[in-house]
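What TrEMBL says about this protein:
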COMPBIAS  26-43  compositional bias 'Basic and acidic residues'
DOMAIN    48-482  domain 'Amino acid transporter transmembrane'
REGION    23-43  region 'Disordered'
TRANSMEM  51-70  transmembrane segment
TRANSMEM  77-95  transmembrane segment
TRANSMEM  142-160  transmembrane segment
TRANSMEM  202-226  transmembrane segment
TRANSMEM  261-277  transmembrane segment
TRANSMEM  297-317  transmembrane segment
TRANSMEM  337-357  transmembrane segment
TRANSMEM  405-432  transmembrane segment
TRANSMEM  457-482  transmembrane segment
Amino acid sequence: MSHTVGVAPLHGRAAELELGTAGNHVESRAEAEPSKPLVDDDGRPLRTGTLWTASAHIITAVIGSGVLSLAWGVAQLGWAAGPAVMALFAGIIYYTSTLLAECYRCGDPVFGPRNRTYMDAVRATLGESKERLCGAVQLSNLFGIGIAVSIAASVSMQAIRRAGCFHYKGHEDPCHASTSPYIAIFGVMQVVFSQIPDLDKVWWLSIVAAIMSFSYSTIGVSLGVAEILANRELRGSLTGVIGAGAGVTLMQKVWRSLQAFGNIAFAYGFSIILLEIQDTIKSPPPSEAEVMKKATAVSVALTTVIYLLCGCVGYAAFGSTAPDNMLTGFGFYEPFWLLDVANAFVVVHLVGTYQVMTQPVFAYVERRASAAWPGSALVRERDVRVGRAVAFSVSPIRLAWRTSYVCVTTAVAMLLPFFGSVVGFIGAVSFWPLTVYFPVEMYIAQRGVPQGTTRWLLLHALSAGCLVVSVAAAAGSIAGVVDELRAHNPFCWSC
């Protein structure tokens, strides 16, 4: 949906009269046609999101598969750098997210034309060439996140089976189990949930997922504290995993540390869908940007506390042997039923995460299809009723396209079930362009920051520094993927 940057906002009495007229028109139409929903300022269904639903969407997108790898990340960086890097990424994410939130409307923050998606904002502010670049990066990374989420969910489902095996057969039994069948099961679930029309209709799933994330994070931290008490010491070192005793050379230390940067970046990555979440917030006042900034502050603060707890408690419990997934790496074996509960919570949460991260991809393709074939039977929605209580709308393009998309992410996840390395690579590749570069450039263009000023120089210095971190972290994650590919057989379902 294109926007005209030069649309003049309404102010003062004219704005009041215009809004009053529009309000009376909507009210009278609602009375005349009670079966039709109220509409928003652009003729679309009325937005109903609040500070708390926006926070739930962010927490659903952020706390998930990434949090489980943070103990491993801290183990690579050590006590000196690990917590500091997490706090640094939190600060960068929060700051750039506030810049991005300002770009939701062009011109006036209350009456200016809305940019409903990340790509809309880039097109309206930076032009069509940058929009194409942004679209390629954003959609490819959302696709990658769908793969990573599928892998993480399958690993948790696999861990439920292995926990029971270890309990009944002993810890010496290898209890081998492939993730491929579980990836397929997760894919089937997503085919069903993917028929939910849009992100605004997923608010209930996000709230359930956010509750799940707090629950399994609490269980993970509690088990870590119990392990620390059993060890009667805090494990780990200032510099992290390195040396002959740990079986890690200096070069391996470098690659692993860089991958840890990617894992932490992935754990905080929600800027990629920030404007899509902001587009669910109800119309002003207060402005969507104001509400989104508060939601971002609440979400980043909560997630940082949880991340520091999970990462630091996991490292203190296991030291250099911290697994790349705290609930599935089997540093813990008992109580096995509690591990099963925690991993079941992870799976439920990741069902919501997959939807929050893929709904923007679905919406992009379906908007393009509607524009290309207006009124076609392919895009026309049909109401379907199951019994008397359940009713929903479907369209041929939605059913075919979304099912195909889920099948592709499922197939790729089966071929590359390397949780830590895949997470690190996706986090590294998406961090600079979507979290830093585009928000900074859009903010400078929209606010007219003069070139060469102190603010302009500092913003570009931040962007340049984050670019270096992204490139280095991507290189470390690629090295990890290459190492794991050597030992992987994607066609063995019993391995």
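Just so it is clear, glycine is given a Cβ too, placed from its N, Cα and C backbone atoms.
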Look over the recorded stretches 77-95, 142-160, 337-357, 457-482 and say which has the most C-beta pairs under 8 A to the transmembrane segment (51-70). 337-357
Whether the transmembrane segment (337-357) meets the transmembrane segment (77-95): three or more C-beta pairs under 8 angstroms: no
Long-range Cβ contacts under 8 Å made by the transmembrane segment (261-277), restricted to residues 6 or more beyond its ends, are 49, 54, 57-58, 61-62, 66-67, 69-70, 72-73, 85-86, 89-90, 93, 96-97, 100-101, 103-104, 115-118, 120-121, 138, 141-142, 145, 148, 199, 292, 295-296, 299-300, 303, 307, 356-357, 359-360, 363, 420, 423-428, 430-431, 434-435, 439, 469-470, 472-474, 476-477
Per the Cβ filter (under 8 Å) with a sequence gap of at least 6 from its ends, the transmembrane segment (202-226) is approached by 49, 53, 55-57, 59-60, 63-64, 67-68, 71, 193, 196, 280, 306, 309-310, 313-314, 316-317, 326-327, 332, 338-339, 341-343, 345-346, 348-353, 355-356, 359
Contact set of the transmembrane segment (77-95) with the rest of its chain, CB cutoff 8 A exclusive, min separation 6+ beyond the ends, reads 70, 236-241, 257, 260-261, 264-265, 267-268, 270-271, 296-297, 300, 303-304, 307-308, 311-312, 315, 435-436, 462, 466
